[in-house]
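The following features are taken from TrEMBL:
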- 28-50: transmembrane segment (TRANSMEM)
- 42-290: domain 'G-protein coupled receptors family 1 profile' (DOMAIN)
- 62-83: transmembrane segment (TRANSMEM)
- 103-121: transmembrane segment (TRANSMEM)
- 142-164: transmembrane segment (TRANSMEM)
- 205-227: transmembrane segment (TRANSMEM)
- 239-261: transmembrane segment (TRANSMEM)
- 273-292: transmembrane segment (TRANSMEM)
Amino acid sequence: METVNQTGSVSEFILLGLSSRPEDQKPLFALFFIMYMVTLVGNLLIILAIRSDTQLQTPMYFFLSILSFIDVCYTTTIIPKMLVNFLSEKKSISYAECMTQMYFFLAFANTESYLLAAMAIDRFVAICDPFHYVTTMSHRRCVLLLAFSCSISDLHSLLLVLLINRLTFCDSNVIPHFLCDINPLLKLSCSPTFVNEIVINTEGLITLVTPFMCVVISYVRILIAVLKIPSAAGKRKAFSTCGSHLTMVTLFYGSIIYVYFRPLSSYTIKDRVATVIYTVLSSMLNPFIYSLRNKDMKQGLRKLMGRRSQAALS
């Protein structure tokens with residue numbers, strides 16, 4: 001079952017996926033194919049609506065369009081390989097493909113984390129310091145926030161992949177997961193993983209906790225400011241601008257904390273399900289959460305559909 005290269009380490013891995021039962025493969029293929037199509041169409045519509053509507057050219061929607069783009073890239077890193085494996089007898093992935101998938105998976109996941117933090121900061125400035133919003137959240141600063149998010153995420157994922165690459169895999173090449181993730185590979189390694197675990201528990205923890213703490217601090221300040229608003233209508237309006245973002249934050253960080261903030265030895269099938277939530281499900285739900293609860297987005301989507309209908313008729 002395993003292929004060993006000249007260095008004594010495996011040259012490919014077997015991804016067990018979400019289920020090893022043959023009768024589950026086609027239903028799972030159909031489910032994830034539909035989820036992938038919904039994710040692609042939904043997020044691309046969000047991007048097109050924001051880019052084509054001048055009323056949506058604000059920092060909040062700038063970050064939302066980038067978030068949608070990241071979600072498309074994120075799921076494309078994972079789902080196509082899943083779909084192939086659902087219909088394949090040998091669910092293999094080469095060592096190089098595995099490292100590449102892990103790099104992009106971690107990079108996009110961390111970028112999304114920092115984008116959610118940037119969106120929380122945007123909401124904090126809009127609600128707590130509205131008179132300086134235009135200058136504080138200028139286009140230049142938004143671009144710098146995006147560049148910082150991408151740079152930190154890329155460096156973080158590169159470091160983790162390089163540390164995984166120095167390990168030896170000689171006992172087994174079967175990964176009990178549907179993608180190449182850190183914890184399953186660390187459990188497979190037959191060489192010491194002490195350095196990897198130290199880095200994950202220090203640098204990795206800082207990289208993940210920093211944006212999460214930005215979100216928490218921003219919303220604590222927002223809550224304090226909203227509670228000071230005298231009218232109930234004003235409070236509802238303030239909370240309505242944060243509801244969609246809070247939903248995404250809860251879904252994304254809740255499942256990540258469940259997967260990564262536990263001992264390596266406790267890794268089980270439940271971790272695979274939780275990984276589906278913050279990789280596939282959150283990306284699919286993103287367009288619905290932001291469009292269904294946002295009047296500006298619904299109007300932008302209607303305008304986009306109207307233009308498409310007119311173009312088709314003409």
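Each residue, glycine too, has its Cβ placed from N, Cα and C.
The stretches the transmembrane segment (103-121) and the transmembrane segment (28-50) are not in mutual contact, being linked by fewer than three Cβ pairs under 8 Å (pairs 6 or more apart in sequence). The average pLDDT the prediction assigns to the domain 'G-protein coupled receptors family 1 profile' (42-290) is 87.
Outside the transmembrane segment (142-164), and at least 6 residues removed from its termini, the chain residues within Cβ reach (under 8 Å) are 59, 62-63, 66, 99, 102-111, 113-115, 118, 121, 182, 185-186, 195-196, 199-200, 203-204, 207. With a threshold of 8 Å between CB atoms, the same-chain residues lying at least 6 positions outside the transmembrane segment (62-83) that come near it are 15, 17, 29, 32-33, 35-36, 39-40, 43-44, 46-47, 50-51, 93, 97, 101, 104-105, 108-109, 111-112, 115-116, 118-119, 122, 139, 142, 146, 178-179, 279-280, 282-284, 286-287, 290.
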